[in-house]
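Data block below; observations after.
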Amino acid sequence: MAPVKKGILERLNAGEIVIGDGGFVFALEKRGYVKAGPWTPEATVTHPEAVRQLHREFLRAGANVMQTFTFYASDDKLENRGNNLRLTGQQINEAACDLAREVANEGDALVAGGVSQTPAYLSCKSESEVKAIFKKQMDVFIKKNVDFLIAEYYEHVEEAEWAVQVLKTSGKPVAASLCIGPEGDLNGVSPGDCAVRLVKAGAQIVGINCHFDPMTCVKTVKLMKEGVERAGLKAHYMVQPLAFHTPDCGCQGFIDLPEFPFALEPRILTRWDMHKYAREAYNAGIHFIGGCCGYEAYHIRAIAEELAPERGFLPLASEKHGMWGSGLEMHTKPWVRARSRRDYWEKINPASGRPSCPSMSKPEGWGVTKGHADLIQHKEATSEQEIKHLLELQKKAKASV
């Protein structure tokens with residue numbers, strides 16, 4: 001009989017470091033299993049072998065949380081703007097739970113069931129209607145007995161509060177993660193106030209995921225932590241940022257960048273950047289450290305390697321990776337062997353190889369958020385007339401920049 005694993009709160013209460021996995025949506029889009037645009041996770045049913053393999057890669061890299069691939073798996077998202085999958089949210093969510101559990105059982109990993117923001121909220125549906133969507137997903141997670149729940153990727157703290165309130169009824173530990181930066185949510189609620197509201201709603205773990213680079217996300221979690229402590233409350237903290245540099249982003253994050261989503265590769269962080277991020281997060285008192293869009297297994301391995309002294313072990317994937325490039329001592333070329341040291345890689349300032357490109361972009365910054373007519377969602381495919389309207393708005397936004 002398999003030994004009983006320590007739960008998420010038991011680990012965090014003991015001061016352990018929990019390493020999350022990476023960004024399934026972007027990783028599987030690049031592999032040909034997710035469609036950019038809807039970003040829905042039907043691959044759990046149509047290509048389970050691809051989802052299973054990615055879970056395994058993150059587990060081997062050092063992750064000890066397997067998040068169910070249930071991002072945007074609510075029924076309203078699955079049928080949004082002509083997305084006709086002929087699959088239900090229940091089918092996708094159940095398959096995701098089974099895959100995550102199968103791989104988690106191959107190591108000391110926990111399974112986290114996740115719910116994310118909904119088209120219904122952006123379309124100004126009522127609180128009861130939005131909560132019903134969250135409950136439908138949660139019911140699957142309860143049935144499949146996931147270890148804890150995450151409400152992640154919320155631009156508005158109000159919707160995240162609703163999600164937490166629903167998830168708390170499960171009796172399982174709840175984490176809540178917003179996709180905001182230091183300026184706060186899209187209604188201008190500060191990170192500190194957002195965190196306080198989430199803790200009061202019932203979240204035991206709060207933090208940030210997606211939309212911004214690691215250092216920006218760590219900075220935002222620090223602001224959340226300050227707000228929680230100022231309010232006399234207690235929480236654990238998590239961070240799962242982008243693997244892209246975003247120094248030029250506004251409050252909407254990387255989706256405002258003209259490169260989003262198909263030309264972001266020049267912004268990818270190196271494994272050495274990940275070492276710096278992991279140390280910065282840990283020093284800030286964040287003990288649930290992972291990644292979101294852009295993360296591959298080698299990024300997670302870098303986090304696990306940086307924090308190996310605190311964790312007491314290296315991940316399995318380090319069998320094929322000499323610490324700080326030491327494996328290069330085996331290279332045939334002498335000038336490459338000379339790079340087999342920490343001092344070299346810590347100081348590297350990588351070139352992009354793109355002499356005609358700028359170092360930063362100008363975000364479009366449309367300023368569109370909940371309640372705006374252009375954010376009202378519908379089942380029908382986007383019409384040609386709608387595209388013409390959007391092109392006019394795009395022209396105006398670029399002119400204003």
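Here, residue 1 is simply the first one shown, and the rest follow in order.
Cβ coordinates are placed from backbone N, Cα and C, and glycine is handled just like the others.
Pulled from TrEMBL, these are the features on record:
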{"type": "DOMAIN", "residues": "6-307", "note": "domain 'Hcy-binding'"}
{"type": "BINDING", "residues": "Cys210, Cys292, Cys293", "note": "Zn(2+) binding site"}
Zn(2+) site shell beyond Cys210, Cys292, Cys293, criterion: Cβ within 8 Å of Cβ centroid: Gly23, Val25, Phe26, Tyr153, Cys179, Asn209, His211, Gln240, Pro241, Leu242, Gly291, Gly294, Tyr295
Chain-internal residues, separated by at least six, CB under 8 A from Cys293 (Zn(2+) binding site): Gly23, Val25, Phe26, Cys210, Leu242, Ala243, Phe244, Phe254
Proximal but sequence-remote residues of the same chain as Cys292 (Zn(2+) binding site) (Cβ under 8 Å, at least 6 apart): Gly22, Gly23, Asn209, Cys210, Gln240, Pro241, Leu242, Ala243
Cβ atoms near Cys210 (Zn(2+) binding site) (within 10 Å, other residues, all chains): 28
